[in-house]
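These notes are about the structure you will find just below.
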Amino acid sequence: MVKMIVGLGNPGSKYEKTKHNIGFMAIDNIVKNLDVTFTDDKNFKAQIGSTFINHEKVCFVKPTTFMNNSGIAVKALLTYYNIDITDLIVIYDDLDMEVSKLRLRSKGSAGGHNGIKSIIAHIGTQEFNRIKVGIGRPLKGMTVINHVMGQFNTEDNIAISLTLDRVVNAVKFYLQENDFEKTMQKFNG
């Protein structure tokens, strides 16, 4: 069995600290905590790090396809490793949630998120585990694109840092317990 934890974002230093890259930030924190290193895999169009936890292989993935094509990398890896959809978790930003709010779900629509739209289109289902991190709505007069491509202010950065620690703990808990329902009960809120 293989589990796959995917963080959504855009590759390149230009996007590194943007709100839309919260999934990449989460994966970076998780692999740092678990002392896992990434390799660039051109075949899968992703950066991949893997380790074994409880005798199961766990792949940590940052698609390098850019957000709107994330489903290409996710589908390729699910197919190659024959990963059951219940063993997939996708971490991403949600602008309909307050900054730093954490929400775990086992299914749902894309909610306007193009990375999630791409994954749903490529894997053919909305029923996969996700961890959403709130980035808040744009300020009055600001476009959504400018908001998601902007960086967090100092105050929000502190809150997001604490939330990313909770994401690390949620993923580690899930990998130990092998129970996303139990993980949702413990970490939602």
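Every residue gets a Cβ built from N, Cα and C, even glycine.
According to Swiss-Prot, the site 'Discriminates between blocked and unblocked aminoacyl-tRNA' annotation covers N10, on the basis of sequence analysis. In sequence order, T18, H20, N21, F24, F66, M67 make up the list of same-chain residues 6 or more apart from N10 (site 'Discriminates between blocked and unblocked aminoacyl-tRNA') whose Cβ falls under 8 Å from its Cβ.
Annotated tRNA binding site per Swiss-Prot: Y15, F66, N68, N114, in sequence order, evidence recorded as sequence analysis. Its Cβ placed at the centre, Y15 (tRNA binding site) has 16 other Cβ atoms within 10 Å. In the three-state DSSP scheme, Y15 (tRNA binding site) is classed as coil.
The active site, proton acceptor annotation in Swiss-Prot covers H20. DSSP assigns H20 (active site, proton acceptor) to a helical segment in the three-state reduction.
Proximity of D93 (site 'Stabilizes the basic form of H active site to accept a proton') to non-local residues of its own chain (separation of 6 or more, Cβ distance below 8 Å) is seen for L8, K19, H20, N21, I22, G23, H113, K132, V133, G134, I135, V148, given in sequence order. Residues or ranges marked as site 'Stabilizes the basic form of H active site to accept a proton' by Swiss-Prot: D93.
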Among the binding-site residues N68, N114, which residue has the fewest other Cβ atoms within 10 Å of its own Cβ?
N68
In which DSSP state, out of helix, strand and coil, do we find N114 (tRNA binding site)?
helix
Most Cβ neighbours within 10 Å: which of the recorded positions H20, F66 is it?
H20
